[in-house]
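Asker: To start, I am sharing the structure in question, which I have written as structure tokens.
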């Protein structure tokens, strides 16, 4: 397998990270404009936020096989082309909006899975640094895109916003394309291929941890503002809390990947214990309802810290606990496929529980229990240096 890499690799990683989420995370902020433009109700477009998660769940496992066939860099190029097409076609009509969103979801699923492998294949000694760069670019672009989406729509239209997002994908594709000529083929040991990761307890534990981490993130993003509003906070205050929940990811995307790779096993476990404690205390506080802004600010900060730290940790773990890029892709594909399956249903079931019981108590208790299980799975996985 080739050991060289293109000078466009790091710039490509930065721009791929920047366009990874914005094609679908930006749309919910302007959903009412999209609905008005298409002449449909906002409720009928609510599924647009679920489609990518469903695609993540069902398509992540395909990425390792496609990487075996085409190679990592070439597959990334193909996926960026598909993402550009999917994003651009959303402006045509309602069916194209749904189909384009599905294509975007599939594309992001592929890149999510293959990112740890492509880092390991190109620069195995800079896993922490490059993951930091990637996740920071992702977080910054998402924050900026969310803040400018409405002004762009008002100045142009919702179609104008989507075309701008599509153009940004095209720019990322142009910068990434030279990496195609330094294509790394994944080399798979047939003996190891026959031993399924689904029979590996450490891999299953990592899947449970990754899935519940995603469930906690998406459930918090979806319902924490609503819970705060129903507890007595104003919509403006709830909006501030939502912004804090998102923006708090930036310092952790800058520090966690490097800390994860550089800390000793003992110190890494101490770091993870602190982060897990934030998650447990934060979800435990959801069991009590109060109109105190300081209380809900604390909840959002604690849960925000936990999910913001655990996501980059998970990305680095795929590479750290694998021997080869191919093994990394398989582990990442399995964990993200099963994990996003859990995450896709979390927010829906959380809201359904409120409708069923008339309060958030049962849902909050279930989320608290899930956080305990997530923590147990995390520390079980940490017992293993490598997942064979």
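Just so it is clear, glycine is given a Cβ too, placed from its N, Cα and C backbone atoms.
According to TrEMBL, the protein has these features:
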- 198-388: domain 'Major facilitator superfamily (MFS) profile' (DOMAIN)
- 7-24: transmembrane segment (TRANSMEM)
- 44-63: transmembrane segment (TRANSMEM)
- 75-92: transmembrane segment (TRANSMEM)
- 98-120: transmembrane segment (TRANSMEM)
- 127-149: transmembrane segment (TRANSMEM)
- 161-181: transmembrane segment (TRANSMEM)
- 202-225: transmembrane segment (TRANSMEM)
- 237-258: transmembrane segment (TRANSMEM)
- 270-288: transmembrane segment (TRANSMEM)
- 294-316: transmembrane segment (TRANSMEM)
- 337-354: transmembrane segment (TRANSMEM)
- 360-380: transmembrane segment (TRANSMEM)
Asker: The transmembrane segment (75-92) vs the transmembrane segment (161-181): three or more C-beta pairs under 8 Å (separation of 6 or more)?
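Answerer: These two segments touch.
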Asker: I need to check the long-range neighbours of the transmembrane segment (127-149): which residues 6 or more away from its ends have a CB within less than 8 Å of a CB in the stretch?
Answerer: 10, 13-22, 25-26, 29-30, 115-116, 119-120, 161, 165, 246-247, 249-250, 253-262, 311-312, 315-316, 319-320
Asker: The domain 'Major facilitator superfamily (MFS) profile' (198-388): mean pLDDT?
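Answerer: Summing pLDDT over the domain 'Major facilitator superfamily (MFS) profile' (198-388) and dividing by its length gives 86.
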Asker: Below 8 angstroms Cβ to Cβ, which residues of this chain, lying six or more residues outside the transmembrane segment (7-24), approach it?
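Answerer: Sequence-remote neighbours of the transmembrane segment (7-24) are 48-49, 51-52, 76, 80, 83, 86-87, 101, 104-105, 108, 111-112, 119, 122-123, 130, 133-138, 140-142, 145, 165-166, 168-169, 171-172, 175-179, 182.
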